[in-house]
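Notes to accompany the following structure.
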Amino acid sequence: MADVLPRSDGALLRVCRGEPAPVTPVWFMRQAGRALPEYRAARGETPMLQACLDRDLIVELTLQPVRRYRVDAAILFSDITVPLALSGVSLRIEPGVGPVFDQPVRRAADVARIRPLDRGSMTPIVEAVRLLVGELAGIPLIGFAGAPFTLASYLVEGGPSRDHAVTKALMYSDPATWHALLDRLADISREFLLAQIDAGVSVVQVFDSWAGALHPDDYRRYVAPHSGKLLAGLPVPRIHFGVGTGELLPQFRAVGADVVGVDWRVPLDVAARRIGADAVVQGNLDPAVVFAPWPVLEAAVRDVLIRGRAARGHIFNLGHGVLPSTDPGVLAAIVDFVHAWSADRSARGVPTAVDRFGSEHPAAEAAG
């Protein structure tokens, strides 16, 4: 199978390190998912958690979007709740709802029931990573895990929440239990990442999907130490992404991220200015723009690319996951456009943010 996959020119890893690359690398969050007919055929009715522990299915579902889209990276097919299930937490993933927990965690005794993650329970995942590294033949494999706050929110609320009110109530009213919970979750997610790294992933991404619900001061006090513990000293490039986290971008970098993922709400030139010197960013096309006519979509993709040049490095991605009704052909066209546009600019020597916007535009200011 490896002979039908594109060879990596190292663009993604170079950008993660803040080095120049011949093209802007591109991959998509949730690129392995229901937008692909081959995904639907391969997974069938297999429950999500079961699929995430089936070695051969993990391999197949991870490779499908690389074959289809010719992206610059694969991301391991999994779910952020998998290490919780492996740590003895009773949960199920309900279609259209998300993870649902039978026993919410709201007291110190509840935290004590969450076991440390045993690597022995990860055998199918570790074996899948090793097989994938061979199949991908040089294309980077991204591993991932959930950030402590987002996992805690699911556990405390018992499932997805709009306002995270129960989570915040615990955070404010019982900080000892709160910090004990996040400390345990940081250990679990870190072990999950280290097992993937030891098996061969080249990059990791930490998803803090719900951190945007927090005031920056609360993030700094109640969350940042635990995200920092999770990310500290990992021996591969680290991407940190959250939704609605425009006010947290500098802190996402400060807790240990090499690359900061940006959702579609914040222009990348603005994000680069907020993060500061040597910012490397990932994102951030609105996932819904893929349904627009091609001239509109092309203009939006080009705008993301140009704004991304205000940062030291840019990985093109969506600002959140691929929507299930997305046309795979459109994503393939985006990949081709990103590669062609950025290769041409690299060969000719950039049109900079100043060239595109003028010296008074924020993108030009961020570009310095």
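Just so it is clear, glycine is given a Cβ too, placed from its N, Cα and C backbone atoms.
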Record-annotated substrate site (Swiss-Prot): member among His320, His339 besides Arg30, Gln31, Ala32, Gly33, Arg34, Asp79, Tyr154, Ser209: His320
Candidates Arg30, Arg34, Tyr154, His320 (binding-site residues) - the one closest to Asp79 (site 'Transition state stabilizer') by CA: Arg30
Residue, out of the binding-site residues Arg30, His320, whose Cβ gathers the largest set of other Cβ atoms within 10 Å: His320
Substrate site span - longest C-alpha distance across Arg30, Gln31, Ala32, Gly33, Arg34, Asp79, Tyr154, Ser209, His320, in Å: 23
For Arg34 (substrate binding site), the number of other Cβ atoms found within 10 Å of its own Cβ: 15
Those residues of the chain, 6+ apart, with a Cβ under 8 Å from that of Tyr154 (substrate binding site): Thr81, Gly98, Pro99, Phe101, Pro160
